[in-house]
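Colleague: Sequence annotations record features per position, and here TrEMBL assigns transmembrane segment to 24-45, 57-76, 96-118, 138-160, 191-222, 234-256, 268-287. The domain 'G-protein coupled receptors family 1 profile' feature in TrEMBL is assigned to 39-285.
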Amino acid sequence: MQLNINVTEFILLGLTQDPIRKNIVFAIFLFFYMGTLLGNFLIIVTIKTSPALGSPMYFFLFYFSLSDTCFSTTVAPRTIVDSLLKEASISFNECIIQVFTFHLFGSLEVFILILMAVDRYVAICKPLHYMAIMNRQVCGRLVATVCVGSCIHSSVQIILALSLPFCGPNVIDHFFCDLQPLLKLACSDTYLINLLLVANSGAICTVSFLVLMLSYVIILHSLRNHSAEGRRKALSTCISHIIVVILFFGPCIFIYTRPATTFPMDKMISMFYSIGTPLLNPLIYTLRNAEVKNAMKKLWRKKIMSDDKK
């Protein structure tokens, strides 16, 4: 493997070079990131402290919120700091680390969404065997498996990045490091590496999306045999999951399943799925989930009562 020794750092152009617009970027990213931290922190604390949220669905939601927070953290804090600088730079090693962590937690979200779909399928289509099939030990092994899968995926990204020779241009026309903008700086033909990128990231996004949508079609079709109340509750949960799937996979498929070409809207689309969806996910899962809302209310009342006693 040929490692880069000529370029030691990259210049990040960010979303804009205009000082006034940089302040707007700073405010937007700070607001979205703080909202993401708060929303996912509330979900994590609520699930951990509420006995009513002990089902496998919330076990997976706990890890989804955790990975959601980490996914946003790989991009947002640095972009917030960079927006305050006249010229933002990132070392070669930091760039490689960002590529690894971004794809690690991004793919982890993808795989956990699949686990959540499997959980809903078993709960709705095989309700009598649900707790036997989706017991805590099985759920723990499934999460461990997808963590290993995410590490493999992100390791492939690193291998592809390290195989690129950088011998001159070092200006990345983006606000974070990813393989797509790095391909434009390579000093060799990147056709094969781009094919591998599409085969890796693109295939994961596309295949996962199709599997998820097919699973929810099967789930919704099976709801015909349930009572009106059962259909209403299951439909509410599934719609929340479907909204998250579409919001997350739509931009990812657009970015990672095409040849190495760039479009003017690429940065905005990357901004949406890197900081937009992590903020929307906790809102969707709380506003459309009565159990989570009730558990949060109980947690809040308990907090108020404990403060009053003091």
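Cβ coordinates come from backbone N, Cα and C, glycine included.
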Colleague: Do at least three C-beta pairs under 8 angstroms join the transmembrane segment (96-118) to the transmembrane segment (234-256), pairs 6 or more apart in sequence?
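Modeller: Output yes: the transmembrane segment (96-118) sits against the transmembrane segment (234-256).
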Colleague: Where does the mean pLDDT land for the domain 'G-protein coupled receptors family 1 profile' (39-285)?
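Modeller: It averages 89.
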Colleague: Report the listed stretch (24-45, 191-222, 234-256) having the maximum count of Cβ pairs within less than 8 Å of the transmembrane segment (138-160).
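Modeller: Ranked by Cβ pairs under 8 Å, first place goes to 191-222.
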Colleague: Taking a Cβ cut-off under 8 Å, which residues six or more beyond the ends of the transmembrane segment (24-45) line up next to it in the same chain?
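Modeller: Beyond its ends, the transmembrane segment (24-45) has Cβ neighbours at 14-16, 61-62, 65-66, 68-69, 72-73, 76-77, 79-80, 83-84, 275-276, 278-279, 281-283, 285-286, 292, 296, 299.
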